[in-house]
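As recorded in TrEMBL, the features of this protein are as follows:
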type: DOMAIN; residues: 107-190; note: domain 'Ig-like'
type: DOMAIN; residues: 211-281; note: domain 'Ig-like'
type: DOMAIN; residues: 285-370; note: domain 'Ig-like'
type: SIGNAL; residues: 1-22; note: signal peptide
Amino acid sequence: MGHSLLCMTGLLLLGTLFYVNAEVPNKPTVILEPSWPQIYSSETVTVRCEGSQSLFVWREDELIRPRTPEYRISRATESDSGGYSCCTMSLSVCSDIITLTVSSSKPRATLTAHSSIIPAGGSVTLSCSVEGSAGWKFDWFRRDSQFSGAQKIGAGTSEHTISISEGGIYYCRGGRGDPVFSTEDSAPVTIQKQVLAAVKLQHSWSQIFTGETITLRCEIQGGEGKVWKYEWTAPNTNSPPTSSEYRISRVSVSHSGDYRCRGSSDYLLTGWSDAFRLTVSSSKPRATLTAQSSILPAGGSVTLSCSVEGSAGWKFDWFRRDSVSSKAQLMRGNEANRVISVSQGGLYHCRGGRGDPVYSTEDSSDVTVTETREFNYFISTRLRGHYVMCANNFI
C-alpha cells in the first residue's frame, strides 16, 4: 500500500512538471541596437525583443510599448535612460534587463599624431578616436593656414588612422548611426613637413680670392611660392643674415669655413643643410697670356689666349702698346671669350675680371708680337751681255 501511494505521488508530480513546461514559452531576449556601451543625446537607438511572439517592452516596471517586438527611440535624451526588458503577453516570462545610459554631453573626437614633423619624402600617421564609445566612422579635414577654409580629405572612413604627407592644420570628427550623429570637432593638430635645404655659391667658382664679393644662397627644394624665414651658421660671425642670401663684400681668409642654412614657413621646415665649405685664397691671381706665334706674317694674324689658372668665371680685358715706353690702350673690355685674333704687332697683355662689383686679377706679363714687312728691290747685273732682274724679299 505504501509503495502504491509513493508511485502515484511520483506520477502526479511528473505530470504536473510536463504540464508546466508545455505552458511556459521560451525566455525572451532583449537587444539594444546599436549595441554601443555609450549613447549620447540626439542619437537614435532601438530596443528589440526576440525569442517569442506578442512581446511587450518594459522599462523600470512600466509598459512602454505593448504588443510589438521593437521600440525605436529617436533623438534620445537622458530621460530615456533605464533598464529595459521584454516579456511575453501574459507577462509570465521576461528577459534579463539591459541598461540604456544616455549622456547629455556631446562627445568630442580626439586627434593624435605619431609625430608633428613629416620627414623629407616620408609621411605621418594621424589617429582619431572617441573615448569610451564605439561604432564611429571619421571625417578628416586639413587647412593650409589658420585663416583658410578647411578641406575634407577623407569622409566616413571606418579606419581610425590615416597617413598624410603634407604639412598643415588637421582635425577630425566622428559620426555614427542613421541618421548620422556627429561628435564635436577634435582640437586641431599642426603638422610640419620637412623639406631639404642646400647652400649654393651664386657662381660655381672652384676658387675664391681675397677681396672678391660673393653671395651664398639657401635653396629649398619644394618650397616654391612660400614665405620663408632663414637661419645661417657661419664662421667668425655673431649676426648672420635672416634672408635667403648671405652676401660677403671683400671676402678674406677669415671667411673660410663651413656654411649651413635652414628655413621655416607655414607648416614647412628644413633641417640644417649639409655644410658648404668655403675656401678663400690669400694671394691675388695673375692672368696668363699666351700667343700662338710671336711672328705676325704679312697680311696674317696671330691668336692670343688669356687664362687664370685653377679658377673660372672670368671675362677678359685686352691691352696693346706700340713700345715699352708707350701707354697701353684697351683694345677690348669684358670679353667672355678668352681668345682673340690680332693683326698688328706690338706688346700685348690681358687681365681677368669677375663678379659684381668686378674683381680683377693682376695683369699678365707682356707678350711681344713682331710684324713682318715686305721690301721689294731690284738688282741689275750684266751677265753675258744681258740684264737680269732679280726680286728678293728681306725682313
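Just so it is clear, glycine is given a Cβ too, placed from its N, Cα and C backbone atoms.
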Query - Per-residue pLDDT averaged over the domain 'Ig-like' (285-370), given as an integer - result: 94
Query - the domain 'Ig-like' (285-370): DSSP-derived helix, strand, coil residue counts - result: 0 helix, 47 strand, 39 coil
Requested in this report: Tell me the residue counts in helix, strand and coil for the domain 'Ig-like' (211-281), as DSSP assigns them.
Outcome: 3 helix, 33 strand, 35 coil
